[in-house]
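Here the structure comes first, spelled out in structure tokens, and everything after it is commentary.
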Amino acid sequence: MTNAVFQLSCQRNNYPWGKKGQQSLAVKLCEKTKEYAEMWMGDYPDIPAKSLEIGEKLQTIIEQNKEKLLGKKCIDKFGGQLPFLPKILSIQKAFPLQGHPNKSLATRLHQKNPKQFTDENHKPEIAIALSEFEVFAGWKPLHEIQPLFQLQPLQRFLPRTHASFNDERLRSVTQTILQASDDVIAGTQKALATVSREEYGQQAYILGLLGRLQQQYSQEDAVASIYIPADGIHAYLSGDIIECMARSNNVLNSGFCPRADRDSIELFSASLTFSTHSVETMLLRSEPSPKSGGGKTLVYAPPMSEFNMILTALKESETETIRSVDEPMVMIVTSGSRSMKADGETHNIKDGYVYSIGQGIELVYETDAGLEVYAAYAE
Ligand SMILES: [Zn+2]
């Protein structure tokens, strides 16, 4: 039986006569009661991007114009679709502690359960901060994990044998913690909060996290950009980011989400890599992009082959040329405005505009007050 009075969640409807974005009262009011988490900017069918002009799905347009948009090189290497998926994420609270199966596990899972694991592909991803961004990624070095588990409340998760920590032991301890009941976790959290700062030693910052989070075995750092390998453990805690990943939507969830949404803990812990024990291995540093004509573009090149991301940052009255890449590209303006010359046309651009750029097209950006553009391209 329903309540007599309840709140409604209303949908937006897009017509060309409407006001744009935040200028629209319909949007502003609609947004007050909804969580907007992600914006997808690719041809992936779950949340497809469409041509603004003709309303057709990017996927359909690419299918009908493969040679022109993707080019032979990309088709030969990745098939007739974009091999990457860029997204904007706005994170208000920690989202599920997760890992994405690597290629061989993804293939097996897809064969067994294609409904849940829609892709045979791996899903390494990068994240670049657009605001202050907090993340758990990878593992602490073993020599920092070992003393933490000497804290009395954590000792219950250790196996009986008194071996020193190695990666396999960390895997089994992780599994034990994830399998613990909510009561045990709540009790552990409470007990950890009463342990004195001195006992935490160098890692006393963990005390500050306890109120917000359930897990204490990962690491936190203020970062600008990171690379998560296909089987790396991670959870984004807060902030706005631009993310790009290989074409896949496979995910194994555990922790920071309702119990019913958690995937098999055995599968989750078996799928993880334990090779990432330092912030250095996860940081993704930018370098000058060879595609830049004027030196105002940086490239983030993750250590695998599907895509790179470039960032063009222009100050007042500056211009930049992006040399034609022979792979398809998706770009988004994250701040600023003015114009982009491409394929003999000049497009007015401003923050929020997303373009699909076919292979072999040179771009020239111009701005009056400044411009910031991110673009992902196949690699
Ligand atoms: Zn992820």
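Here the Cβ of each residue, glycine as well, is placed from N, Cα and C on the backbone.
Predicted automatically and left uncurated, TrEMBL annotations should be read as such.
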Name the one residue among H143, H234, H277 that TrEMBL lists for the same Zn(2+) site as Q98, H100, E125.
H234
Rounded mean pLDDT for the residues that make up the domain 'Phosphomannose isomerase type I catalytic' (5-142):
87
Within the chain of Q98 (Zn(2+) binding site), which residues six or more apart in sequence place their C-beta under 8 angstroms from its C-beta?
I233, H234, A235, V251, L252, N253, S254
Cβ-based neighbourhood (8 Å from the centroid) of the Zn(2+) site, residues Q98, H100, E125, H234 excluded:
G99, K123, I228, G232, I233, V251
Neighbour count first, Cβ atoms within 10 Å, every protein chain included; then name which of H100, H234 tops the list of binding-site residues.
H100
